[in-house]
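*Asks:* Sharing the feature lines straight out of TrEMBL:
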DOMAIN    8-128  domain 'MARVEL'
TRANSMEM  18-34  transmembrane segment
TRANSMEM  40-60  transmembrane segment
TRANSMEM  72-96  transmembrane segment
TRANSMEM  102-125  transmembrane segment
Amino acid sequence: MGTVDSAYPRSPRGAIKIARLLVAFTTFICFVASRSHEAYTALAIMEVVITLLFFLLYLLKLDKKMKWLFWPLADIFNSVIAAVFLLVVCLFAIIIKTNYGTLVGGVFGLVLLVLCIADAVVLFWKISLSGPRGRNYPTR
């Protein structure tokens, strides 16, 4: 079995993933409790599942074993796409606000949107600043 990266949950990237999990789950609970539209609930549960899978990927160091995909870049794409979907769906939930549960779920969804953007920015900085640097000039 793989090794566990015990420092990952305490790192900034791990903390953002845990916050995303908690806020996405809270959003899901709000949408389910208020019997909101199925699209709201589906987006929230998909965000919980996908974020949990990325968290486990990094926690169990599976990204080091499965080198056929550049996982941080896939994580950035996930965060950006999730942010776009969350923006649209949560603004609809807030504008339509069929009940208070939908309104609260939409507000938590917007908080989740901010966390998705923060996650993408932190990952982008990790990719762009920690990679090996090559020469900018041709060799002779």
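Any Cβ shown, glycine's included, is placed from N, Cα and C.
Note that TrEMBL annotation is computational and uncurated.
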*Asks:* Residues of the same chain, at least six outside the transmembrane segment (72-96), with any C-beta under 8 angstroms of its C-beta?
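*Replies:* For the transmembrane segment (72-96), the sequence-distant neighbours (Cβ-Cβ under 8 Å, at least 6 residues beyond its ends) are 31, 36-37, 39-40, 43, 47, 50, 54, 63, 102-103, 105-107, 109-110, 112-113, 116-117, 119-120, 123-124, 126-127.
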*Asks:* Could you pull the average pLDDT for the domain 'MARVEL' (8-128)?
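*Replies:* A mean pLDDT of 88 is what the predicted model shows over the domain 'MARVEL' (8-128).
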*Asks:* Mind tallying the domain 'MARVEL' (8-128) by DSSP state, helix then strand then coil?
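*Replies:* So the counts come to 106 helix, 0 strand, 15 coil.
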